[in-house]
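Colleague: For 1-87, 263-286, 881-926, 939-977, 994-1025, the entry in Swiss-Prot reads region 'Disordered'. According to Swiss-Prot, the compositional bias 'Low complexity' annotation covers 15-28, 42-53, 963-974, 998-1016. Swiss-Prot lists 29-41, 270-286, 950-962 with the feature compositional bias 'Basic and acidic residues'. Sequence annotations record features per position, and here Swiss-Prot assigns compositional bias 'Polar residues' to 65-75, 901-913, 939-948. What Swiss-Prot lists as coiled coil is 203-425, 847-879. Marked as domain 'Kinesin motor' by Swiss-Prot on the basis of sequence analysis: 509-838. The annotation ATP binding site is assigned in Swiss-Prot to Gly593, Gln594, Thr595, Gly596, Ser597, Gly598, Lys599, Thr600 on the grounds of sequence analysis.
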Amino acid sequence: MNPMRDQPGSPYGDSTPRSPFSPFSPLSVDDRHRNHADTKTPRSPFSPFSPLSGDERHKSLAESKFQQALASSGQLDPLSPGSMHHGGHKFHEVFQMKQGRYDLQASKISEMMKSSSLDNAPTQSLLSVLNGILDESIERKNGEIPQRVACLLRKVVQEIERRISTQAEHLRTQNNIFKTREEKYQSRINVLEALASGTGVEHEIATQQLRQIETEKSMWEEKKKHEEEDMVKLMKQNDQHNLEISALKQELETTKRKYEQQYSQIESQTKTEKSKWEEQKKNEEEDMDKLLKENDQFNLQISALRQELETTRKAYEQQCSQMESQTMVATTGLESRLKELEQEGKVVNTAKNALEERVKELEQMGKEAHSAKNALEEKIKQLQQMEKETKTANTSLEGKIQELEQNLVMWKTKVREMEKKSESNHQRWSQKELSYKSFIDNQSQALLELRSYSRSIKQEILKVQENYTDQFSQLGKKLIELSNAAENYHAVLTENRKLFNELQELKGNIRVFCRVRPFLPAQGAANTVVEYVGEDGELVVTNPTRPGKDGLRQFKFNKVYSPTASQADVFSDIRPLVRSVLDGYNVCIFAYGQTGSGKTYTMTGPDGSSEEDWGVNYRALNDLFKISQSRKGNISYEVGVQMVEIYNEQVLDLLSDDNSQKKTLGILSTTQQNGLAVPDASMYPVTSTSDVITLMDIGLQNRAVGSTALNERSSRSHSIVTVHVRGKDLKTGSVLYGNLHLVDLAGSERVDRSEVTGDRLREAQHINKSLSSLGDVIFSLASKSSHVPYRNSKLTQLLQTSLGGRAKTLMFVQLNPDATSYSESMSTLKFAERVSGVELGAAKTSKEGKDVRDLMEQLASLKDTIARKDEEIERLQHQPQRLQKSMMRRKSIGHTDDINSDTGEYSSQSRYSVTDGESLASSAEAEYDERLSEITSDAASMGTQGSIDVTKRPPRISDRAKSVTAKSSTSVTRPLDKLRKVATRTTSTVAKVTGLTSSSKGLASSSIKKTGSTSSLAKSSKRWA
């Protein structure tokens, strides 16, 4: 049909989009002639058939091609992997990144020139290669092009010239095809004239001509399909232009950032130079020379920047002139081709008029040709209907083209606005350049003043040398400066400590705080193993069996508290960690140590304690309530408390209503959003510190406690207090979740020292086993092993999110200073030292955005639309079967006219459904693009990651669809494919914007139950959901 489509040497290939008005489009000569002949439809000013003057067409074409050439360097970069893969050749092996620029290697360029990679590459990629070479030459300061790059550029230009010549040959072949078609039409006219004789042989020839007309009808239908494909390609070009505009905006932003960075660097350099001048007054003459040299360097940099600006302007003007010359040549060729097509159209019109006159003469023939005459009239009516349909299709296509041209005008205005902005930026930077010059002049004046000041200082030094007493005063001043420096040393040391803590937080290390328990009244302080407690987290322990330096052992932690430290001092250091829970972080604080080392005192405080003796649990919740009240104008918080214990490897609920019979709880294999993986544990909402005290008292009363030889009230279980926080931003509607786990571990003990038997012995065995499992987990994390044994005990399963997740974790190491507990103290300190080296990774917050829900609703509506279109396709696919059955029955009778009427109704009905589907798909895609532009700007600030499991709905096409014609099947499925593209784009956008959908249910969806309480507060409270 069209030799351009099947031509293997076509420079554009099969994948490049072509305009239906391009001389290289897949439309035939008749199609272009018919489009040109239809003068009733409005033309766009950017069309080659526009009634504008020649100069205006030249200007418009030059502007459009210049914009496409500028955008091609950003859109289809020859160095990007996408364009290389499109051309089928590995151009990215030739260009390599080197310090932000493309380094062209001589060996690879020579290989590419010898091979046939340039012959098979698309023309657009060759133009982008040429633009990339020119851009790289502009970025260089000298503006020269290397020899190997010049050879490659010459090769690319020769390849483009060769392709232009091949395109001219294709035009000649099309002319030959048009001449052959004219000969065919002439032969048909001769056949119609021969029909006047009325012989039977001539009648058969006429029927053969009618068959040929039917084949041409099918060819027209195929040409319609090609036109629709061209429209789809034009839509893709529209999307590509949008991407090009966004790329230009990004480039402008990068240039702004570069200029601001240069400005900040110059300011920092000037500040450092000032400080050097003030400190080095004695060597002022040498420093003056250095400053003069730096001043010369600044002048050189300014001159270099001016040269670069001039080179860029010259290159820009050269490109403009080249593009204008190319567009002039192309427009002259198109105008000549248009004139030829108009002349050929006139010839065809004259032939058509002669044909119509001949048909009128045939109507006057005898009865023998009457049947053939009626058949010809019916075929002529069908052809007229086809012409009307093609005209309507052309009008719709031209309307769409006009819309696209309006979009191009809008984009051109946007580009002009961007150019104006760039000019304003250039003016602003020129003003900054003037300010820099004034600053340099001020510096030079300051240098002159410093010279005069240095001379005066020299005179003063001569006077000081003469006076002996003044020298002692100078020595005194120096001693004062040394004392000030010694005082500043402590401030610098505290700043370094703060920076180290921030570094540890970024790494995600487990912070370790060591607290030394004071001696009891009955014990003597002389037998202590603690030799020294430093302010920088240093702890020195001495071995009582090895006195002297050999028995000393030093440990380093984040913080070490002496026996005199109060509960308020301890909580002041962990307050920032606790407050981060309200920002959506998970925090875990647990106390570790041997029996009787003060773990419960640190976490809870003494029994019946006042507010001054409160432990970490009460103080943390009290601080959370205060902050939540201060933020209630912006964020509404809900706080819930959960308290469980692990007793003999069983998880029990400490806030359960039935105290006599505790219920054993299960642990889920996957952690929920509410922190602990124990959904059956009771959870109570709290609004004040008094509610927390009541619940804590209930939990402590239910906790397993026993007496041993080492401690009268020893904890025989691990208790975990979990505080769940849910916050909702009143302005944006975003939801955040935070969890605070406060763990009081049971103490490790030696059975021979604790003197336990029976149940207490079994309890001690379970406690030591769980603590040893915790040590195995810590050792695996410290060594970064691939397998971490979390399932070895219930304790490690519950602490899995804190030890292996993205949580902020802190461990209190409780130390018994008694000399009799030296071995237990050493094992505790070694364990803590190993824990401090574990890196968990940076903690991350959990937030849920409002835009995620909107996207999911929009995705559901698109799926419903696709389902409706699937049902409509199935309905349309059933109609051809019924038509075929009716045709088979009517053929036996001979009613062919009814069949034609039925097929006409079916084609019109399917055409109406297709147009409805196309309008629905286009409106859905436009709505999606508007929504996507609003959401992507908000999603960039959220910084969340994740994935959404969206199952694509497969198209439901039955096997009976094979009976449908090619026209109906492709035209019906086209709007459905468009809708599916919109749905898939929405799915990918949701997956990039958020990672919180799987965990967005929050505390509201957790299975939290309440069966009653033993206290008045627990009875009146409801379940927190």
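Glycine too: its Cβ is placed from the backbone N, Cα and C atoms.
Each of these features: where is it, how hidden is it, and who are its neighbours?
Modeller: All chains included, 24 other C-beta atoms sit within 10 angstroms of the C-beta of Gln594 (ATP binding site).
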Colleague: Quick one: among the binding-site residues Ser597, Thr600, which has the most Cβ atoms sitting within 10 Å of its own Cβ?
Modeller: Ser597
Colleague: Highest CB neighbour count within 10 A among the binding-site residues Gly593, Thr595?
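Modeller: Output for this query is Gly593.
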Colleague: Give the number of CB atoms, excluding that of Lys599 (ATP binding site) itself, located within 10 Å of its CB.
Modeller: 26
Colleague: Are there residues of the same chain, six or more positions away from Gly598 (ATP binding site), whose CB falls under 8 angstroms from its CB, and which are they?
Modeller: Arg515, Arg517, Gln814, Asn816
